[in-house]
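J.: Okay, handing you the structure first.
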Amino acid sequence: MSHAIDTKQPASTLQGARLPNWAPYVIAAGSIAVGCGIGLAGGLDSRIQWGLIASILFLLVTYLLAAKIEGGRQAKDRMATSVVWVAFLLAVIPLVSLIWETVARGMKVLDSYFLTTSMGVLADTDVGGGIYHALIGTLEQVGLATLMAVPVGLLTAIYLVEYGRGKLAKAVTFFVDVMTGIPSIVAGLFILSFWILILDMGYSGFAGAMALAILMMPVVVRSTEEMLKLVPNELREASLALGVPKWRTILKVVLPTSIGGITTGVMLSVARIAGETAPVLLLVWGNPLINTNPFEGPQASLPLYIYQQYANSAGSPAAYDRAWAAALTLIILIMVLNLVARGIARWKAPKTGR
Amino acid sequence: MDISPSTTAPPPPPQDLKASSPVSHKAASRGATRPGDRIFLGLSRGSGILLLLIMAAIAAFLTYRASIVLSENEGNFLTTFEWDANSIPPVFGIAVLAFGTVISSIIAMLIAVPIAVGIALFITHYAPRKLSGPIAYVIDLLAAVPSIVYGLWGALFLVPHLTGFYSWLNDYFGWTGILEWQGGAPRSLLTVGILLAIMILPIITNVSREVFKQAPQMHQEAALALGATRWEVIRMSVLPFGRSGIISASMLGLGRALGETMAVATVLSPSFLINTSILDPGGGTFAQNIASKFSEATVQGRDALIASGLVLFVITLVVNGAARAIIARRKEYSGANA
């Protein structure tokens, strides 16, 4: 025993005393236990308070112990480490809770009947019904928006990267950035003001798709731009040196090189607009019946369906169940898009030249 | 490292043109004769101009519709505490909406910015290297969840679970007047702020993370060599380097929080009074007011909502423009687009 201590001696004089490696875990376990204990004893209903008490205890105990044993600077370092860990855990809690609640409550009514039935003439408080009409609406609106936004977004990105110099390109870059931050409801109000109030066209899936396209364009431009910038200049120069016209160089060399990244960006932007509710609420209006024509008459849409089931049902459990199930469907749809996008990104990783 | 090619890329195009300027001159003069090149340039420039036109059209159409109804408004658009836009003549004002929007966004920022910076530091400097990728992915997942799902979760899960927290705040901090609670459902600006904080976490985290990643390695190693602890390294070399990045990231988050609609509309119980306590009902937000008043609005009522939307548009434009300007000033962060 004494021999072991002797060999450690030089290291400890150089480093100063340190808390053992397992100390943070023990303190964490202890403070969680005490936090729960206080919560139970004090009769606090909110688990949030239990968590808060536990984390404050953890921070305090770590700081005091470290200050005592290791000195002030080390104590501050440990404090910072714990604060950063607590910050991360705080962010994970809502995510886990949200996914858990959605899956647990959504599974109740999510089955093939739910996916293939519309609301028809059911009242919002009745049991039964489904989201078939909303699925069709969402797919059509998002599809139309993609058809409008992708060509414009791609060409704009090509302009910025391949041609863009001078004031116009600068203005476009700046406004694309600013456009990314337009609230979705403002895009909806814009289409409302000119398409419905001035041109008097009435609610339709197409009106919603236009607003979604406005939200989608800047995202497509930004992601495509980043991908085009990754294409090495040597490829362009080689192609131009062979006498290939610039437009063919772009179409045959630049775009194929970066197509994986561009597809990823487009799919991520599709995932983003698929969950937009506000413009759909203003422009597509919602419809309990199946309407497969996006150019005529109100349609339903998945996010709007969730909102209406929640807001119009005066607390009916059947409607809440449907809202959760629709939310689960929407999250699954978006996660699949995200995963496919990431898969493509990994499969066709941006070719950086070297 | 995979950021640096894209960030060093902006300089190359001009350089490239300079280097091959005789060639490109010839190509340009010959390009004019090639219909393919002309059409392609026209198309791509046209789409760029189309984007600018859309922005201009948004401003123009909103202003036009707003001007129709503003001339008839009996109240003061800026100071009236009322939203009765369907009656003739209409009486409406945005005072309460502006109050609610600002307060809920401030609460969201106060909660989200420190936590987001903490997570960003966690990913770049604290997490085990193998874990930092998956963790960043988890944060991205938070960003991918649609706002209406946050709203549903907020209304049906978060709100019932906040009553205990509210009464605790009221017991210990009620004397401040700001955290006083009358005991209604906790659908107030504080709940909205908490929900918004969760929603804007990912964007602030992602942008700050990109900035922290680019903090000069040499500075950090030098500090370590002088015997600095990890926290001292971060305080002395990472945070000063990333300050403007954090500011612009927070402003991007602020832009999101200001314009968030559905989550606020499902969680908040709006009222057209201003309450000093953030736990009691009082205030609404621009976006929430549009969503909840829209279905029963007449054409005139819609124009009034459009007028409030115009204000929101201008505010977010200013906030986002400022954030982007800060990012653009330090060009090395351009990879940090969100």
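Cβ coordinates come from backbone N, Cα and C, glycine included.
Straight out of TrEMBL:
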DOMAIN    B:98-323  domain 'ABC transmembrane type-1'
REGION    B:1-32  region 'Disordered'
TRANSMEM  B:48-70  transmembrane segment
TRANSMEM  B:90-123  transmembrane segment
TRANSMEM  B:135-159  transmembrane segment
TRANSMEM  B:189-208  transmembrane segment
TRANSMEM  B:245-268  transmembrane segment
TRANSMEM  B:304-323  transmembrane segment
J.: Quick check: do the transmembrane segment (B:48-70) and the transmembrane segment (B:135-159) share at least 3 Cβ pairs under 8 Å, counting only pairs 6+ apart in sequence?
T.: no
J.: Residues sitting near the transmembrane segment (B:189-208): Cβ under 8 Å, six or more positions beyond its termini, same chain?
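T.: 100, 103-113, 115-117, 119-120, 123, 136, 139-140, 142-143, 147, 150-151, 154, 158-159, 162, 166, 242, 245-246, 248-250, 252-254, 256-257, 260, 263-264, 267-268, 278-279, 282-283, 285, 333, 336, 338.
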J.: Below 8 angstroms Cβ to Cβ, which residues of this chain, lying six or more residues outside the transmembrane segment (B:135-159), approach it?
T.: 119, 122-123, 127, 185-187, 191, 194-195, 198-199, 201-203, 205-206, 209, 260-267
